[in-house]
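Shown next, in structure tokens, is the structure this report addresses.
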């Protein structure tokens, strides 16, 4: 089947510094897993010169520790990740029993494993839900030196054929090491990768889709993950009427991780909230700050619309603000900007609490956004410039809307804007694995996307 490439709405880049940090924690886990290796009893027969056939048994094998002092992780382009471990070492002990001719004896032994070299290749992918996956595509272990020291009355006898025992230990340990690596990747690493939230519920109306649109890809300097990066309505999800643009991701490598949030990502938020009916706001008298200096009633507005006093004398009013279309923003090197269109329907509240439509205004103006990252969430605030008004409909006759300029500016800045900014201050979660905290955050604006860089701390 032929497929077409899908541009991501959100990109995550893990640099070499980030891979090194993750690798440190991974090696610490692997070291603990290797130290828990269980070795089966070993028995066999060996023929010793001038002695004859000797039967031996090695039991109660205990791995005291396994150390991985030197290792590194390397992204291999178009392949995945490679982990190389060198100069690892381990120590074991156990009990031995020997039988030859009419002689029986037993004792203990110590075993030192040195110069262990391990090479692990990790294949990265994604499952049907868009979560990342990891598997061991190759593992090789080579042990250069195994030394066994036997104690007991006939320990000298074991030392005569120690090479045969040491070669058996070497083969057993090499196989066991790779078995442990495969199991750790399958259980520990795969389990941890599944903590990545490919869908994040934002509130009762919207969520974010962070599923992978392609398997993670390794480059010579980083590991990149392309995510869908799309907000959606929980009530009615439908295709977005435009596609993500390609992101010219810069070659920054000062931080451990970088996030690229495209204009597509932010604009799907507008679509999702618009579809969910969340971009409808009401302004009533109770919401107006006391220090504004006017009341929201027909007496106040009769100064601009004299006929109001005759038709609806001294009645309370309210405005219902809504967006006829989803707001659309642009991102450039100078920041984020948008020019939303807002319909403001004015009503008179009649004595029986029913509403009488008065007039419908169209409000437009330049809005700038300030974006930040706090506690793993993208937060923001809006600032609105001077609002321009136009009359779309009126049930009270014509009037000069420019006379209302100041009062509408006050209403939006004192009531609407604080409500929007309070919601934006709650933020939207970044796609982070479990127990990850961000620090040393930087933010830069590029054409069509916001770049967030950060260092990582694993709790």
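Yeah, the Cβs are placed from backbone N, Cα and C, and that goes for glycine too.
According to TrEMBL, the feature disulfide bond maps to 139-178. In the structure as shown, the Cβ atom of residue 178 (disulfide bond) sits within 10 Å of 18 other Cβ atoms.
Feature annotation from TrEMBL assigns domain 'Lipid-binding serum glycoprotein N-terminal' to 13-236.
Residues or ranges marked as domain 'Lipid-binding serum glycoprotein C-terminal' in TrEMBL: 251-454.
Sequence-distant neighbours of residue 139 (disulfide bond) (same chain, 6+ residues apart, CB-CB distance under 8 A): 118, 119, 120, 121, 178, 181, 182.
The domain 'Lipid-binding serum glycoprotein C-terminal' (251-454) scores a mean pLDDT of 93 in the predicted structure.
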